[in-house]
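Trainee: Sharing a structure here in structure tokens format.
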């Protein structure tokens with residue numbers, strides 16, 4: 001088949017800039033073939049190469065005694081004692097989900113699950129963080145419904161419980177929704193599988209589903225802004241098959257036990273190209289592929305299409321040749337393809353042959369190690385303007401406005417579409433703070449949360465970056481967990497704009513400082529840039545996924561609020577209203593600075609909660625909506641009313657950081673007061689859980705009435 | 001006391017069901033869908049939840065044709081005990097071992113939540129640990145749990161006291177609120193809710209424990 005000639009238009013349509021094409025000419029010393037151009041575009045796009053972000057990602061703290069494997073592999077690996085490890089990562093599927101919500105979101109879940117089981121871990125928990133445009137924007141309803149159904153459709157069939165996540169709405173996402181999917185798995189810490197190939201002449205084996213034309217060019221699409229030609233990009237979205245993924249997972253884990261796997265890599269973005277190059281590059285080897293041996297779903301596929309297809313549910317493995325029969329038997333058992341498609345070679349060469357014809361012949365190490373890296377110009381985000389006066393508001397009116405907003409309403413409509421209980425180890429399902437799953441067969445538990453407040457990040461990237469980590473730390477703490485490590489999913493606009501790059505640089509600085517101070521190193525992550533449509537960028541949204549450990553079931557801080565319990569506020573309240581939920585929802589304002597994050601106070605107060613868990617019957621962190629929202633959430637979950645002492649608006653709705661609301665009986669409150677005094681932790685009694693209403697001074701409403709609003713307003717807005 | 005749990009490639013509640021059986025004292029064997037026989041001496045067969053063969057066709061339709069389900073049918077034809085949960089219930093109706101069919105939920109969405117389940121009869125090995133009329137909290141998790149049978153069949157189920165559970169608040173449009181039914185000899189139970197997800201105080205509550213315990217009591221060799 002005749003390959004098209006290389007023209008400037010063809011180069012541009014591959015997302016390569018003229019200077020990048022010049023680099024290609026320099027590296028290979030000749031004009032590339034069409035297939036080679038495709039390979040370069042796949043390896044050098046932003047999504048695969050991290051060319052704008054690498055410089056800054058290197059500054060993040062990624063190590064610690066608990067870290068077995070940090071960023072760079074398919075997922076991070078963290079020690080949880082007893083020879084066990086938790087393997088986790090968060091990854092975006094923003095662009096495909098906007099183009100085709102069901103399949104885009106579904107394959108996002110599929111991709112992240114594959115990242116986890118490729119490392120040898122069985123997935124045990126998932127989460128997803130979603131950002132959509134305004135609820136009444138014409139696209140929002142379709143996106144919310146499609147994305148949620150796609151996540152459920154994939155995860156429910158695969159069989160991993162969803163234990164947490166976030167959903168937010170803001171006009172800045174009207175043209176670009178965000179779908180960030182998290183997965184965590186369990187493995188024995190001495191049985192982790194990596195991607196670096198070793199040994200010359202070892203068979204390269206293709207596993208899983210067949211290759212079709214779906215998703216060709218997906219990674220390049222995901223590295224560009226959107227405009228009005230977006231409908232034409234639908235064919236770049238892949239189609240998911242969770243049943244095949246489930247079999248692929250079982251077969252892969254079984255295969256690993258045979259000892260046949262030298263190295264393994266899932267085929268995600270840029271499919272066969274990216275996985276083969278990665279395995280060769282990490283192992284210092286070359287790779288030869290004979291494409292006629294690739295299992296194909298469609299007739300007459302070209303080398304270009306096979307190398308760039310993003311068909312799902314596929315893996316590439318380097319096999320110990322003497323164990324081929326055993327390995328093949330496992331895949332036959334699960335009715336999956338198993339095909340030797342190439343071999344490792346000693347030369348530093350990426351050789352692609354199709355029916356005896358050389359389609360690409362490149363220096364392998366040049367494809368990834370020497371991919372372009374940019375130090376993009378950036379401007380620090382200017383100091384936020386001072387907060388204008390905020391009028392006092394009736395407490396119940398303010399609370400009701402928050403509960404009526406889909407941003408702060410209960411998310412039952414979302415999470416009831418996900419299987420939250422499969423595997424029968426979910427100790428806490430979504431709804432209130434962090435989710436928890438038991439480590440099967442042990443007394444240990446893992447806790448999971450995902451957090452970010454994009455308004456804060458826009459106003460102040462450094463403090464906003466810190467705050468995302470701090471809130472994750474608090475959510476884990478509030479269930480009694482010790483935070484272990486985190487994963488970051490950094491969603492931003494066009495990095496070629498210095499102000500956007502400035503947001504990125506600032507957020508990384510804040511995240512890095514907080515991760516270091518709170519001992520939650522970043523062990524994996526993903527960067528999604530170019531989240532812009534017609535030049536309009538999203539709010540900077542660096543989602544932090546975090547994992548904590550509880551050594552014993554008895555360490556869980558429950559949510560057992562009882563009639564008569566005291567409400568104690570831990571941490572200092574100054575009444576920060578800048579960028580708060582109250583401002584946005586009630587006054588339609590997004591002014592002022594983000595709250596300052598005092599990392600010492602975060603650590604001190606978090607340690608205090610863990611040290612005094614025996615005195616705490618229920619606990620939640622204070623975040624959006626401040627004290628009043630936290631009090632309502634605890635009351636609603638328990639079905640017991642709450643009375644808060646009368647206080648000004650800024651005290652009730654302020655979003656100062658490092659704070660928790662605790663419920664306990666009178667004696668326990670006394671003990672906590674004494675312990676707080678010793679630890680130098682600020683604590684104050686702010687009211688009582690009692691009756692069947694929410695009352696703040698003279699302002700009162702029935703709990704049932706408010707709870708009804710809380711439970712129904714999400715569905716009312718988008719269903 | 002031996003239980004067998006069938007494992008289809010898309011089963012995902014197989015382990016959960018095995019754990020619940022084991023906690024109630026059963027020896028459990030996992031049986032692969034390509035096998036044509038059940039292990040010797042099996043007292044009860046569990047057909048677990050999940051997506052058997054992907055269920056891209058009607059749920060359970062392909063599973064009903066699998067080698068192992070033929071063996072399950074032979075087992076129940078001989079009067080053996082079996083229970084199908086969720087996808088397992090769908091499979092048992094597809095084979096005709098149990099009457100009726102499971103349609104898409106009336107609200108068209110997947111639903112996962114703990115629901116109030118009314119014990120409609122205590123007259124079976126599965127339900128004798130409860131009192132008829134008890135309302136227990138058991139999780140559901142399905143997209144196609146809307147039980148349907150024609151009027152005569154529903155009347156027959158009621159006449160023969162073969163409705164095992166009904167929903168306290170019908171979540172999915174099931175006819176006559178039916179959540180689980182028994183075979184004519186009362187030895188086969190199919191139900192959409194997941195008792196194995198409520199058999200442990202660290203997860204989902206303990207309202208399902210009595211089901212497994214009662215079963216163990218009936219099947220314990222004298």
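Just so it is clear, glycine is given a Cβ too, placed from its N, Cα and C backbone atoms.
As annotated by TrEMBL, active site, nucleophile applies to B:86. Under the heading active site, TrEMBL lists B:194, B:196.
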Trainee: With the cut-off set at 10 Å between Cβ atoms, which of these active-site residues ends up with the most neighbours? Options: B:194, B:196.
Mentor: B:196
Trainee: Which residues, sitting 6 or more apart from residue B:86 (active site, nucleophile) on the same chain, put a CB under 8 Å from its CB?
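Mentor: Counting only residues 6 or more apart in sequence, the Cβ neighbours of residue B:86 (active site, nucleophile) under 8 Å are B:13, B:48, B:49, B:50, B:141, B:142, B:145, B:191, B:192, B:193, B:194.
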Trainee: Three-state secondary structure of residue B:86 (active site, nucleophile) from DSSP?
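Mentor: Coil, per DSSP.
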Trainee: Which of the three DSSP states, helix, strand or coil, fits residue B:196 (active site)?
Mentor: helix
